[in-house]
Amino acid sequence: MPKYYEEKEEDKHPCAGVKEDLKSCLLQTDCVLQEGKSPKECLKEGYCKALQVTFFECKRSILDTRARFRGRKGY
């Protein structure tokens, strides 16, 4: 489920909810907090893999002409 913040402006871009959740997931991992690695390095190591796949599918559905009629995947 996406996390909503009252004081934050709503992003109108496609896949913004998934992107925000992926970013917050990466910033809360032990890889970033304790080991001091960058979120990019932690993403390559496999942290938050489900959200990464969901974000990829959402971005791909923007370009896929068949999926454009069915709607974007993700939230």
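In case you wondered, yes, glycine gets a Cβ from its N, Cα and C as well.
Annotation comment: Swiss-Prot describes 28-66 as domain 'CHCH', evidence class sequence analysis.
Sequence annotations record features per position, and here Swiss-Prot assigns motif 'Cx10C motif' to 31-42 based on sequence analysis.
Sequence annotations record features per position, and here Swiss-Prot assigns disulfide bond to CYS31-CYS58 (among others) based on sequence analysis. Reduced to three states, the DSSP call for CYS31 (disulfide bond) is helix.
If you take the C-beta of CYS42 (disulfide bond) and look for same-chain residues 6 or more apart in sequence within under 8 angstroms, you find LEU26, THR29, CYS31, VAL32, CYS48. Annotation source Swiss-Prot lists disulfide bond at CYS42-CYS48 (among others), citing sequence analysis.
Annotated motif 'Cx9C motif' per Swiss-Prot: 48-58, in sequence order.
Taking DSSP states H, G and I as helix and E and B as strand, the motif 'Cx9C motif' (48-58) has 10 helix, 0 strand, 1 coil.
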